[in-house]
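Data first, discussion second: the structure below is written as structure tokens.
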Amino acid sequence: NYYTPDYETKGTDILAAFRMTPQPGVPPEEAGAAVAAESSTGTWTTVWTDGLTSLDRYKGRCYDIEPVAGEEHQFIAYVAYPLDLFEEGSVTNLFTSIVGNVFGFKALRALRLGDLRIPPSYSKTFMGPPHGIQVERDKLNKYGRPFLGCTIKPKLGLSAKNYGRAVYECLRGGLDFTKDDENVNSQPFMRWRDRFLFVAEALFKAQSETGEVKGHYLNATAGTCEEMFKRAIFARELGAPIVMHDYLTGGFTANTSLAYYCRDNGLLLHIHRAMHAVIDRQKNHGMHFRVLAKALRMSGGDHFHSGTVVGKLEGERDITLGFVDLLRDDYIDKDRSRGIYFTQDWVSMPGVLPVASGGIHVWHMPALTEIFGDDSVLQFGGGTLGHPWGNAPGAVANRVALVACV
């Protein structure tokens, strides 16, 4: 009774679109019902305590199934979940239910969560991004163009002093931001406190010489939440405008906690998506990146890596622009051509700046500005530091190319 094709969805339901591949001989209706049951109130048998609650009120319902065009034995199962199944303001609880045990089901060869519709009645229980796009522009006093960034390379092995030197040269050359690589936490060759101190010196020197507000994404990701907060607090005490977090490896609970701290203390929050391809790259199993993007917007982040379309990392143009819109816009219409299964209304939740990063350089600038528009961060690592004349000329080249394109 978890397959209910007559069910009319409510405005408060959380809706999910699963791409499922049933085992041979398993009807799609049975597989869809199993997904709805296991991700809500069901278990492998009937239990007597079912009679002590109203399963009809709390159960998930598979309300529609459609075949995947061009694929044999693959189906899109649409499941509606009542709002009361989920703790308010908790991405952790949302994912524990919807993508928990169900992905290991024997009745399924593969299962992928393609999209989620988050109703305003649930999204309003989340703080969302600490500040959002407009507040960030006001803090930095920069308008009418994308922001320019650079990931410091080599990503591992530099001393703190040489790292700070590279930061200074890039910011002095015209970039708005430099960035810790996601791998950089606090290793023997460069402890986090030393890095923070040399970077702060570089930051303020570049600011005083250029008259522009500059930033460096100081990676606060750590092995414990306590250590993460220690690093974020030290960054704030130094006067840094922005910190960074690896939200998948760090975890949603840690990320949401850090986002609250950043809003309360005036820090911007840059989010890296390290580990995402483990979850989202297979087209038949796992979770699509657009779901991870929606989850991040709720959990909290001001910048988020979204792919480039033109760089070294995988990403189709229309699909990428679909989740860029889901990060930035208030209201996004259903559009299956871009992989958007449901209309999404974020109401007043602040937007997130998409970050284009990965194998891009100045020759990509016309395409990047056309694809991403003004509200974005264009981040060049090797595309800055690989300039034959050095780091500062690489930064100058990026800034000149950007000005020419906008």
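Cβ atoms here come from the backbone N, Cα and C positions, even for glycine.
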Candidate from H303, H305 that Swiss-Prot assigns to the same substrate site as N101, T151, K155, R273, S357: H305
Recorded positions compared (K153, K155, H272, R273, H305) - highest count of Cβ atoms within 10 Å: H272
In three-state DSSP terms, the structure that H305 (substrate binding site) belongs to: strand
Distance, H272 (active site, proton acceptor) to H305 (substrate binding site) (CA atoms, angstrom): 6
Other CB atoms, at most 10 A from the CB of N101 (substrate binding site): 11
Minimum Cα separation from K155 (substrate binding site), reported as the residue among recorded positions K179, D181, E182, H272 that achieves it: D181
Candidate with sparsest Cβ neighbourhood (10 Å radius) among D181, E182, the listed binding-site residues: D181
